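Taken from TrEMBL, the feature transmembrane segment covers 30-53, 65-88, 108-125, 145-167, 187-207, 240-261, 277-295. Marked as domain 'G-protein coupled receptors family 1 profile' by TrEMBL: 47-293.
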Amino acid sequence: MNECYYDKRMDFFYNKTKTDTADEWTGPQLIVVLCFGTFFCLFIFISNSLVIAAVVKNKRFHFPFYYLLANLAAADFFAGIAYVFLMFNTGPVSKTLTVNRWFLRQGLLDTSLTASLVNLLVIAVERHMSIMRMKIHSNLTKKRVTFLIISIWAIAIFMGAVPTLGWNCLCDITVCSSLAPIYSRSYLVFWSVLNLVVFFIMVVVYIRIYMYVQRKTNVLSSHTSGSISRRRTPVKLMKTVMTVLGAFVVCWTPGLVVLLLDGLNCTDCGIQNVKRWFLLLALLNSVMNPVIYSYKDDEMWGTMKRMICCSSEDKSQERRSSRIPSTVLCRSTDTSGHYIEDGIIQGTICGKGDLGDKGNS
């Protein structure tokens, strides 16, 4: 029967797997790393908090798509917490950690990745159901969205806890990986392959949706008197979503490939030399997402800017705009979730042929 090493500190496993824990990360180099890491994490906390607050405050964002977008921002916020915990428990400190503390460090990172990934997958399904079935609004009610968000976090927490629940190498150190000294290589293969397959599925789904929306917009454009910008609004939404997905795939794929190579026991791949850079790339994804939201969506940026400025003039202007009829609001904002969905079906919601009857709008 194999001996288990639950009571050992991490230096035992690092020495067994000959893992580099970067003992040279001391002095000025460590200070620079901590300063940059702290700056990025603060930006993650503030920017993603603004995205969540914008969705809550602005009634134009009270649609399933934006609720899920806010949950994605919450996943990025959680990632910031995971990175803060990692910063103060890495390098030379890694060898002094207990097994449970090391599991917590990695579990936070795995949970944040899974939360973002599953959330993007749910957004893909929601967009596909809404657009492909030619529905103006998604069938998702607030209760269903709430259930989905709770399910996303339940799955994320479970996946982050899988190694702690038993899929590790504490009782068989011969199968330990080098990047994660108490994770078994079989788990790393499972984890990386699962995530890469989900990446591929989401990319295919979003490409299909984008091609459909673009084709539908081109067909409807010949039957509408609306402006070119309004005709392109559905395409703008899909470009925003695909930009978020693209950034996620680009930032996380290199790290997952490295984990896969480690799981396959590739000793000549030089994975120890690139692991820190790929971890930094993953951190940048949580920084990029709020920037993408605000850059691609004028309404989102405007709401965030008003919250930052907190001027009475902006507040009074928002109250006045809320009393403007919906047809006028639609002309002023091309990026609201209501217009985007309607635009796919009707072609022109603000033109002369609005739903055939403006009196019902």
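In case you wondered, yes, glycine gets a Cβ from its N, Cα and C as well.
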For the transmembrane segment (187-207), give me same-chain residues lying six or more residues beyond its boundaries with a C-beta closer than 8 angstroms to one of its C-beta atoms, as numbers and ranges.
110, 113, 117, 120-121, 124-125, 127-128, 162-163, 167-168, 177, 179-180, 238, 241-242, 245, 249, 252-253, 256-257, 259-260, 262-264
With pairs restricted to those 6 or more apart in sequence, evaluate whether the transmembrane segment (108-125) and the transmembrane segment (240-261) have 3+ C-beta pairs under 8 Å.
yes
